[in-house]
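Colleague: Residues or ranges marked as domain 'ABC transmembrane type-1' in TrEMBL: A:64-276. What TrEMBL lists as transmembrane segment is A:7-24, A:68-89, A:101-122, A:150-173, A:206-224, A:260-279.
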Amino acid sequence: MRRNITAYGFLCGALICFAFFSWYPMVWEVVLSFQQTNFVDPPIWVGLENFVTVFEDAAFGPAWRNTVMFTVLALVFGYGVPFVVALVLNELRHARAYLRFVVYLPVMLPPAVGVLLFQWFYEPEYGLFNQILGFFRLPALDWLNSTDTALVSLVIVSTWMNLGTGTLIYLAALQTIPGELYEAAELDGAGVLKRIWHVTIPQTKLILLVMLLLQIVATMQVFIEPFLLTGGGPENSTVSVVYLMYQYAFNFGNINGGNALGVMLMIVLMVFSAVYLRVSREDKS
Amino acid sequence: MTRSGYRRTAGLLLATALGLTASACGTDEAPAGDDAQPAAEGSAAGPVSITVNCMPPKTNKAQRATFQEDLDAFQKLNPNIKITKATDAFPCYEPRTFEAKLAGGQLETVFYVNFPNVGRLMESGQAADITPYVGELKTFKDYNASIDIFKKDGKIYGLPTDGYGMGLVYNRDVFTKAGLDPGTPPRTWAEVQAAAKKIAALGPGYVGFGEYSGNNVGGWHFTASLYGRGGDVLTPDGRKAAFNTPEGRAVLENLKQMRWTDNSMGSKLYIDWPALMKAMAGGKMGMMLGAPDVLIGLRNDFQAKFDNYAVTAMPEAKALFNGGAGYMINPKATPEQIRAGLKWIEYEFLTPGKGQLDYVRAKGAGLTVGQPYPDLYGADTPSGQEVLKLRTENANVDPAQFALWAEGSKGIPPKAEPGPYAQEIYAILDTPMSAVLTRQDADIDQLLADAEAKVNALLEKKG
Amino acid sequence: MPNLTVIPESPERPGGSGPAAPAAARSARARRPRRKIRQEFRTVVSPHQLTSRHGRVIYWTVLVTVVVSFTAAFVFPLYWMVTGAMKTTEDLVQIPPTFLPPRFTLDAYAEAWELMDLSLLLGNTALYAGGAWLFTLAIDVTAAYALSKLRPVLGKLVLALMLATLMIPPMVIMLPAYLTVKDLPLLGWDLLNTPWAIWLPAAANGFNIFLLKRFFDSIPRELLEAAEIDGAGPVRILWSIVIPVSRPILGVVSILTVVAVWRDFVWPLLVLTDSEKMSVSIGIASLSSQMPQNVLIASLVIASLPTVVVFFLFQRHIMAGLTAGSLKG
């Protein structure tokens, strides 16, 4: 009994913080998505109306399409590449400290800085990227200013800023693989690629899977890139679900519509998170 | 640091932290934030506290100084009114934070609002009804038609403090470089197009004509162009879209030609208000749509070489989009706060010879005097005449910078924002604007038809 | 996207278990190659292959390619940023650009410092990060200790509820969380534009609780029981036994917390709207479009310095932190 009182005394700070800033908002999000309020008068219940409003919004389709596209593209660049980079780094015997340091350097920049830096690099006339293309006599690209390239440009920023995390995690994982496995494979006559395929990948399978899920959950929340770089344009080609949610709440004065979008995103992400939890629990056993 | 030293420091910090938790668990602790509430208490007898916004930013030193002077002078004049906070976020209306502040109760007692948002705020009950109090304002009766923007169902919800009609802003220096005569700027869209082409030919980095295409400002300028051509965004009853017309098509067609046939608009998209202003101030852009206030903004907020810029009348204008801004009062304000807030607005913006209309001081402070705005009072009212007199007497700008605009805009009727859902409509109209500026194969008919359907759906939903 | 989550057990080499972070750092130091091509442990490519003539050629080609491309991809942009701030706005729009700035000048840095009030913004951010750190340590350490060692009734449920928050990223609940902070339920406090709006939510971090509890679980029971027999109460045990042996994990949690607060964008964007209270990321982003280009770039450099310096100093801890859990963001 005494122990319980002490324990809850110790827990009280955490309980208060979690209650106010995690548990309560989760519940309230769902409640708000069924209400209408202007913050001056008391809220009224409106059933599914907010969901219908956002569903019928012209930007709803593009927002989900872009978010999924962003996630897929970010996986292509940001999931495979770090693994390959880590594989190569793991083989190198020189300059490792330097390489690990520089690959992680962009991760340490505040995201707002990284994004604004790339905004400057993307300038069509005198930005760094088009200058480099011009130097190699390649045609300039429109980057953020074309429906064809805007989304990819956002993925590039995001990948540049986050590549280091994946690389270092993979690198750590690669170092846990017992060397005997490679030796055995070599004795069986397996070449380098076969060794990667039959030893490295099975040995890091779990972490690869975990990282896959983590990255999906992280990139589906893309916001700062469209918010600072494109405003969702051109022609809604970069509007994301979270960006639309923000627009509803803070530009259209319809916070309830934003909550409806939040509930939808919450459901999608919970599915991925549940899979993730399952996977990481499997690992423990 | 030695091991034990490290441990001791860590221990000390943790002890502090534990202490903090303990007190956080107690209930007696109130967080700081005494000045956060605009609706602070204030009774009829005691002093009234209000907060205001739109203090000029630090980058605009001269205007910031005069504003501070006015804050002090006003509080001295009204000892029972205390202005506890003056916010200096720039731009004063920032779409990214306005709703956040409104929703968060962070909005100042007296808050700035630009015309596109006035309708919505009145519609959603987010501004206080000031009808009972306007009688106390001396110059209220002298207002010109701009006050109508703040009226709804016979009630008044705010006061315009700035008003002007749209025009064409151009860089005289760039015109000269391109072999154009800065004294005779374009009067038709065909001339705009030809001039833009010549300017872009000056070399890389030069942009003949700059235009917005995102974050609602694209739709806003589409509306301005459409009005100029005699078109309309909504039907007179405000229930249906009315821009899928030859006028609407002409706006987009013109931009498309300049962007893709003449290649005179550059390839950068200007997606928010400061972006185009910054580009114009950079000195390599020839023209943009804008009211006379753009010139002053370029000078004071974007450090442009003021003398290079001039404004002329909107080409072929049949109606002028009515730009401007004013102030509204927080709906949660008490009657005393409303009174105090209105007093501040009156002092700072509406009294000839005081605040923004103190032209003697403005001249001395290195600010511009002589620009033909704010245009608030009827020409034959006492206030109107007094403002005009003060302005002429203290003018320090080259009248030629504004003359063509003033001359060319005479007699063209003003036209207001398209209803309470202007922002949502602008967001929809951003799409055709960004489409013609980013895709050579953009199908204008299709774009307009799509936007029309979306606006109609929006209006139907809003009833 | 600061989203903290777990990766499976510490992946340090053979036998790496339990309180491994400092050990990892030490072994990393020892592992640094000093000689030519020498393998300390076996990887995909065999030592035999590596030392053959053919292998050497490939190895050096790959090494040079990697070093050059990494420098180009990750260091050059930063070089461009630092020198860009030394150019005038006219230099910046020059085509082609100059590789070196025409002259060495820190004028734009000084201007950025003054115009954007960076001392205020950086000070604010330090206050937010520092406070968040204190609160996180105090609140999460005590909670994890209670859950791990005191095991009260319903402790499992509380832990499960805390871990469940990991499934819902903070982005998704930003609107209701914002409304909560604006008007705290029951208490009615308005925390907007106060440091509390950053500090308290930062402490509600399920991942920290998880990391700490897992670590505390690995502290041998006998150690605590011995102290209990000596008559030490739970506070004393936490203070003089648990905390001293938990230094590695406290370091990891500290760094994760400080870095996360420093980098965060969306949450401060919502709750710190007052220009006097903004964090450095928000301040710069909100002023970015009206600043002259070179001043803006200078402000970016200044804003990134603190985290980059921290990274320089605590490189090993940060990387060890990455392997103890993973910092995804």
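Cβ atoms here come from the backbone N, Cα and C positions, even for glycine.
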Colleague: Please determine whether the transmembrane segment (A:150-173) and the transmembrane segment (A:68-89) are in contact (criterion: at least three Cβ-Cβ distances under 8 Å, sequence separation 6 or more).
Modeller: yes
Colleague: Restricting to CB pairs under 8 Å, which listed stretch, A:7-24, A:101-122, A:206-224, A:260-279, is in contact most with the transmembrane segment (A:68-89)?
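Modeller: Top-ranked stretch among A:7-24, A:101-122, A:206-224, A:260-279: A:206-224.
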Colleague: May I ask which of the stretches A:7-24, A:101-122, A:260-279 has the most CB pairs under 8 A with the transmembrane segment (A:206-224)?
Modeller: A:260-279
Colleague: Counting only residues 6 or more past its boundaries, what in the same chain has a CB within less than 8 Å of a CB in the transmembrane segment (A:101-122)?
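Modeller: 85, 89, 128-129, 143-144, 153, 156-157, 160-165, 167-168, 224-225, 228-229.
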